[in-house]
Structures are given as structure tokens and as C-alpha cells.
Amino acid sequence: MKLRVHNTLSGLKEEFFPLSSEVVRMYVCGPTVYDVPHIGNIRASVVYDIVYRVLLKLFPEVIYVRNITDVDDKIITAASVRGVKCDKVALHYEHIFHEHLGLLNCLSPTVEPKATQNIGKMISMIQALIDNGNAYSVGGNVYFDVGSFAEYGVLSKRKKEQLVYGVRVEKDVDKKHPGDFILWKSDDHVYWPSPWGNGRPGWHIECSAMTLATLGADFDIHGGGADLKFPHHENERAQSMCANPGSQFARYWVHNGFLTVNGEKMSKSLGNVVNVDTLVESGVTPNVIRFVLISTHYSKPLDWNDAMVGEAINSLIKFKLALLDSGVLPKSKSHIGSLNIGVCSDNAEDEEVDPRSCASEVIVARNKRKAKNFSKKMNEIFNKFGGLGDDCSIYTREFFECMADDFNTPGAIAVLHKLSDGVRLVGAEKVNNLAHLLYNLLIFLGIDLGVRQSSVSEDFIRSQLQKRADCKRQKDFVEADRIRFALAKMGVLIRDHKHAPTDWVSL
């Protein structure tokens, strides 16, 4: 199956040809760990988790690198405010980041290098840029000379004159041009020794050095949020190509769209910053969060709002009912149990490792093993369904055609709705295969409906059902409906039956 990817560099949807047919190399800009990640940060991680899953399905091996920026002005400020060291702040928020991605069932990247573990490589790259005539040192600072790179602006589709003279930049009399950017910042507070004096690296050089260290001078895919296209990715591309003459750096650039909340940009001043913890505390399950994030094409803007959450809940309830009614999920455990039918899990027991060594050989080997297990299991399952020669083959093909068409998750979800409808319409002899296919396609997307995630207790649900029954007897249907809708927002579906007691299904 051919994979097509929208390449920001060309502005076109292109057929994907990796440098090697045996291994795909992908780098994604990870978090700057100074605060709890908001849902916009998490969207990017979920997007590239989907990309990773598709690549694992289509290619023998994938090396997925996502960095951790653990030295930055924002981290230094946060540490100063708290009166602690920078590494304590960084480790704390790195842990929360990983915790949130674990809740959303994201596969671990192959390698997760940290900026502070690669300072020497950054210094070497900066020296190479100076030697090649692309950078200059002034007063302990080192700047990249944007005028020395003819392709500057190609990625972000901006004219060099606009970039150099038209953008808003810091006033710095040491710069040759207003658009020149920092490679090494002189600092005697948080610093490392260098040929130019004590200081620390600029943000852009960090990713360039870590891609070179983990993937080499040329690799296949570079991903990140649309907000990183300029200046971060433009600068990263410039310094990497100049430090490694003849290199093309990343061949395909992929950018995910912005995320807003109720039509507005997230802001602490507006009080509308949303993160995984606050959503889960409000009753939104991790499966629902993930489903909302993949329900819009990765490249498009996504607005987080109650309507989107409601649509996700309705879809997942529909899928779960199809799985319950088919017997794939046992009805006796529909709200409290889990089911293992031989699909991949990312929750295998891990070796004891030093949490400060995210790029250690042990962790890399573990992550490669998990990715290989996921790829093997998924291919075994879908080769089986794809070879049945019936509706299963059709749905399997349609689903993966969508996923191979620029990671079209909305199209793939539409196939799931058709498949779910099919589970209810076909004869008994076909139900089992179709329902198992539905379950496994959801697993491929990172959604496991076999595990109850709702934090709403059974006692609370029963008490609400009793209140609702009392309201109906008293003909207070407005309040009865309010209770029903309130439970639905928490992922609990009430089912009324003509000749049987009311029951419920929980996500």
C-alpha cells in the first residue's frame, strides 16, 4: 500500500519514499518541560503517535525520535520562582508529560534524547557553522548568519527580505542582520563551558544536534506543530544543512494544526487552559480525549468544545454497544472489566531504569521491542481479516487506504461507523469477525473499549438512575432528561427497555 504525505517543504501531497526501504527515520519536536502540558501540546504527541503506528504497519522498522527540551528560559524562570534547581522542574514536568501520554495510550518513541545530555554535540555543531562561515561570535554570544544560507525561508514560504527585516526580533546591536538568531547565549547563571565562554545553547541548535546524533545528517520525516514552522523549523533546517554541506536534512516536513478552546486561543489570563488532568477530573475519559484529538485531520485547526466531546462520546458508545451486542465484549463486564483478545498492548512490564537516562540502551531496546510487538500483532490480525474475502476485507482495505492517505483519521473513523452499522445488520455467522475487526481497528487507533476508564462510581450511577426513575414517576421529564444528559457527558449511556429494567453502559 502506497503512503502519501503532505510535505510542507513542497506544499504538495507526495508519495512517501524513505531513504531506506528497511527503516524509516522520524524526528518530532517534543515538549519544553516547564509546566503541565496543555491539550494543544498533547494533540501534537497524539498526531505523531498515529503517524508512528501507520509507519509501523507499512515498514519493517521505524526509528522515532522525540526530544525533551530541559534547558530553556522558561524552565529557568520557573525554577527561580519556585526556588529550586532547573533539573528538578524539568524532571517533574517531564514525568507529568509521560503520565498524560500513557493515559492516552501513546506508544513510546524509540529514543527520547534530552538537550542537557547533548551539550557537547551542540558546541561541536556551532563550531562547524563558524568554520563554514555561517555563524559568528560576538562578546560570548554566537549567532547564525541568515544571509549565508540561500534557501532561508523556503520551508515557511517567506521571502528572505521579509524574514530578515520584517519580522519582530530582539534588538541586539551585536547582530549583523536583524534576523540572525542565537546559537550560543552567554550566561553565568545556568551555563556550560564553551570556546566562547560560559553559556547555554539556543533553542534551535538543540534539535539540530539531537537529530544528527540519533538519525544522521539526512532522515525521512520531521514533525511538529504549525507554530514551529517559523522560526524554529526554518532555523533548524538552515543550521543543519549548513553544518553538514550536501545534506538535505529532513525530506518530508509534517505539521499539525493549532488547537483552540471554544473558539479562543488558550491563555492563563482567559482561564481557559485545558490539560489531561482537568479533563479527566471533569469526567472526560482518556479514550474520549484521544478520540476528539484524532477526529479532525491532523493538519487542520481543531476547536475543543463540548459539542466535540459529545460527538466523541456518542461515537464510542455506539462502537461499544456494537461490541457488547456481538459478544466481543462480555455484557457482564461492560462497565467494570477488561478483555484481552490477543491485541497489542503498550503496558508490558518495564525493566528498572534510571528515569534521568531517557536515551539509555535499555530504554531504547525496550521501546524497539514494544514497537516491533505492536507491528507484528497488528499485521497478523489485519492480514487475517484482509484475507477473508468478505466484508472484513473491504472494511480493512478502506480503513488503511484512509490511514495511508496522509494519515486521514476522519476518513478512517467514517469506516468504523460503517463497520459498526454492519455489525448490527449482518447475519449471525458474520457478526463475530466484523465485531473483532471493529475492536482491533480501534486498538490500532489507540482506543481500547475493553477497559472501563470512567471515574464515575457504580454507586453514583445507581443513585442517579433512582433519581431519574423517581422524576419519571412524578412526570418531571425535564429533570429526568437533565440527569440522562449529565451522565452522558461523563461517558455513561442510560438504556431504557420496554420489557426489561433500565441498564447502563459506561466508557
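Every residue, even glycine, has its Cβ placed from backbone N, Cα and C.
Among Cys86, Cys207, only Cys207 appears in Swiss-Prot as part of the Zn(2+) site alongside Cys29, His232, Glu236. Checked against Swiss-Prot, the range among 31-41, 64-74, 130-140, 460-470 recorded as motif ''HIGH' region' is 31-41. Between the listed ranges 110-114, 265-269, 355-359, 450-454, Swiss-Prot ties the annotation motif ''KMSKS' region' to 265-269. Cβ neighbour count for Cys207 (Zn(2+) binding site) (all protein chains, 10 Å cutoff from its Cβ): 29. The Cβ of His232 (Zn(2+) binding site) lies under 8 Å from the Cβ of Cys29, Trp203, His204, Cys207, Gly224, each of these being in the same chain and 6 or more residues away along the sequence.
Distance between Cα atoms for Lys268 (ATP binding site) and Glu236 (Zn(2+) binding site): 29 Å, as a whole number. The DSSP breakdown of the motif ''KMSKS' region' (265-269) into helical (H, G, I), extended (E, B) and coil residues amounts to 0 helix, 0 strand, 5 coil. Counted with DSSP, the motif ''HIGH' region' (31-41) comes out as 3 helix, 1 strand, 7 coil. There are 22 other CB atoms within 10 A of the CB of Cys29 (Zn(2+) binding site), with all protein chains counted. Taking the motif ''HIGH' region' (31-41) as a whole, pLDDT averages 97 in the prediction.
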